[in-house]
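S.K.: Let me begin by handing over the structure; questions about it come next.
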Amino acid sequence: MTRLRRAAALLVPVLLAGTLIGAFDRPAERLATVTAAVVNLDEPVQRDGRTVPLGRELAGRLVEHSGDNYTWVLTDASDAADGLRTGGYAVAVTIPPGFSAAAVSTGGPAARAEQARIDVTASTTVAGVDPLVTRTLTDAAVTTLNHTVVETYLDNVYLGFNRMHDQLGQAADGAGDLADGAGRLADGSGRLVVGLRRLADGSDELAAGLGRLDDGSRDLADGLARLDDGAGALAGGARELGGGAGALARGTGDLATGTRALAAGAGQLSTGLDTLAGSTAALPAQTRALADGARQVADGNRELADTVVPLAGRAVDGIDALPDLTAEAARIRQLADRCTTPADLCEQLQALAGRIVARAGEAESAKDDVRGKVVGVRDGLTGLADGSAKVADGAAALAGKTPQLVAAIDRAGTAAGQLATGARRTADGAAAVDRGARRLSAGAGTLADGVGRLAGGTGDAAAGAQRLADGTTDAAAGAGRLTGGARSAGDAGQKLSDGSSKLAEGAGSLAGALGEGRDQVPTYSDADREHLRTVAATPVAGAAGDDGASVGDLIAGAVIVIALWIGAMVIFQLTPAAAHDPLAWQGSTWRLALANARLPLALAAGQSVLVTAVAGALLRPAPVELAALLLVDLLVAVTFLLLNQAIAVAFGRAGRLLAIGVPVIVLAAAVVSGVPAWVTTADGLLPGHGPVLAIRAITADAGLGPAGIARTLAWLTVGVLGCLLATARRRTTRPASPAPWPG
């Protein structure tokens with residue numbers, strides 16, 4: 001074998017490993033060399049008096065991060081189409097018209113709500129993975145924009161809760177004040193009823209006394225008439241008449257004094273009732289204002305219910321429309337249970353599925369809890385509106401009854417005034433009787449001379465007695481009317497007291513219900529709203545920490561395995577599979593196999609050293625990791641060499657053609673996990689899988705390193721046994737056997 005061939009055998013795997021590792025190592029750091037176009041066709045919309053340019057914001061987010069990923073260029077549709085056709089742009093992201101309108105459509109009618117979409121078009125001249133990278137980058141920008149929109153929406157929701165809490169608190173305070181005022185009104189009405197009932201009882205007693213006074217006055221008038229008729233008989237009994245006249249004067253003086261006292265009392269009663277009537281004159285207006293206030297509270301509560309209840313209903317509908325996470329988690333668990341190989345990966349998948357099922361149950365419980373709270377707020381507001389309407393109706397009924405009470409008090413004052421007038425007339429009559437009796441007494445000594453004057457005096461006395469009778473009749477009638485008015489006022493006052501008590505109870509219940517509703521509605525400070533809207537808009541955050549191994553670190557194992565396998569194939573393309581004639585060999589079979597493999601083993605060892613050096617220069621591992629990588633590469637190179645030698649010795653050129661399938665399967669399984677099942681199965685059965693696991697444990701700090709070493713050692717054993725068996729088979733001659741030296 002010439003030096004040129006040996007150099008070629010050493011350099012082929014080095015070129016493969018260096019080129020592929022260098023190409024795949026950290027490609028994200030070179031994304032800035034890719035140019036992408038952004039076409040914004042969106043028109044901003046007006047929302048609550050503010051301009052919402054979401055298309056402009058999305059384009060700005062993409063262009064703002066130029067250099068971090070792609071170099072984004074804001075352009076028009078024509079330039080983007082030309083760039084895609086010529087390859088000037090790798091991809092083009094088009095923000096269509098109506099993007100902003102669709103994004104904010106959730107704030108309008110539910111039937112008109114729609115999702116905002118963008119169009120991503122890849123050039124046919126770019127690498128195959130570029131469209132996927134573009135979709136990932138645009139999805140990240142859209143996710144950030146969605147996060148901002150959702151944060152704004154949630155902040156408005158939390159502000160609505162704060163306003164609802166404050167309004168319920170104000171309504172509860174107003175209902176409490178209403179209950180206090182109604183309670184005081186009920187107490188005052190009760191005391192008024194007691195006073196009016198006492199007035200009615202006193203009026204009854206006054207009417208009875210005035211009846212007796214009326215009877216006496218009429219008897220007096222009759223007696224004076226008989227006295228006038230018997231004036232002719234007075235001459236004989238002048239002295240007895242003088243004594244009787246003196247007694248009469250004293251009696252009529254007492255009567256005048258009593259009736260004056262009665263007139264004074266009736267006047268005071270009339271004055272008191274007039275004062276009472278003046279005090280209660282404003283009562284109808286006050287109760288009407290109370291009824292109007294209660295109606296305003298009821299209307300406000302109804303408006304609040306009409307506003308919040310539909311919102312709560314839409315919130316409940318939105319919660320009900322959320323997908324059933326437990327069902328999705330169950331399907332994930334079923335998929336995990338179907339996994340059988342490899343056992344370690346299946347166990348991890350099943351454990352992950354168990355955690356997903358548990359988290360799905362917790363999410364469903366939280367969704368049900370939120371739905372229950374929203375339904376409770378909706379039902380509480382409905383009950384609040386109905387209770388406020390009942391309170392307003394009771395206050396209106398109270399306002400309708402208050403004028404009757406004021407009218408009854410006015411009638412009582414009128415009756416008391418009539419009583420005072422009658423009492424004054426009675427006093428005037430008693431005074432006239434007193435004057436007549438005194439004149440009668442003075443003229444008793446001159447009876448004979450003053451019979452005429454006596455007749456005149458008795459006439460005056462009769463007239464005075466008649467006026468007294470008339471006055472007592474009027475007083476009795478006034479006392480009767482006073483009694484009726486007092487009783488009517490008492491009945492109206494009782495109704496007022498009952499209505500006030502019911503109003504106080506209703507207002508108290510309303511205040512309690514409003515207080516409970518207020519306590520059920522949460523409030524949020526500015527800091528709380530900032531925190532909650534951020535967390536709620538992104539309830540699940542990505543895992544903290546670094547991004548893990550790079551693409552180059554992950555694919556380095558497959559690249560090294562492919563390079564060493566192809567290197568082993570190149571060795572046996574440039575050197576014979578058997579350097580010594582097996583039939584002429586005089587030693588043992590294993591010595592013959594070792595002699596045939598001596599030069600290839602040396603070349604394979606050199607390949608492993610050079611490949612390790614190139615990988616170390618590109619990946620920059622720690623010294624300990626580099627030493628471990630060298631040992632593993634040496635083991636892998638020897639294993640692959642022996643396997644290729646066994647295949648070449650046993651199957652000749654056909655075996656070498658079959659060996660090409662190993663790096664193809666390794667490459668297909670290493671680039672992406674979403675390959676067909678037969679590729680994964682074939683990769684697990686072929687000798688490249690174990691070395692990939694062992695090398696990846698060093699370059700990417702992955703697990704399963706011992707398992708990879710064990711698989712490699714197993715294939716090394718297979719290679720050794722295969723070489724021995726193939727060598728032994730070549731030392732056996734058959735009449736029709738083919739030539740023992742293929743290639």
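Residue numbering: from 1, along the chain as shown.
Using the three backbone atoms N, Cα and C, a Cβ is placed for every residue, glycine included.
Quick paste from TrEMBL:
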{"type": "REGION", "residues": "481-501", "note": "region 'Disordered'"}
{"type": "COMPBIAS", "residues": "481-490", "note": "compositional bias 'Low complexity'"}
{"type": "TRANSMEM", "residues": "554-578", "note": "transmembrane segment"}
{"type": "TRANSMEM", "residues": "599-620", "note": "transmembrane segment"}
{"type": "TRANSMEM", "residues": "626-650", "note": "transmembrane segment"}
{"type": "TRANSMEM", "residues": "657-679", "note": "transmembrane segment"}
{"type": "TRANSMEM", "residues": "709-728", "note": "transmembrane segment"}
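On this model, are these features tucked inside or out on the surface, and what's nearby?
M.R.: When DSSP labels each residue, the region 'Disordered' (481-501) comes out as 21 helix, 0 strand, 0 coil, counted as helix, strand and coil in that order.
Packing against the transmembrane segment (626-650) from elsewhere in the chain are residues 560-561, 564-565, 567-569, 571-572, 577-578, 596-597, 600-601, 604-605, 607-609, 611-612, 615-616, 656, 658-659, 687, 691, 694-695, 698-699, 709, 712-713, 715-716, 718-720, 722-723, 725-727, 729-730, 742-743: each is 6 or more residues past its ends and has a CB under 8 Å from a CB in it.
Away from its own ends, the transmembrane segment (657-679) comes close to residues 555, 557-559, 561-562, 565-566, 569, 644, 647, 651, 686-689, 692 of its chain (Cβ-Cβ under 8 Å, at least six residues beyond either end).
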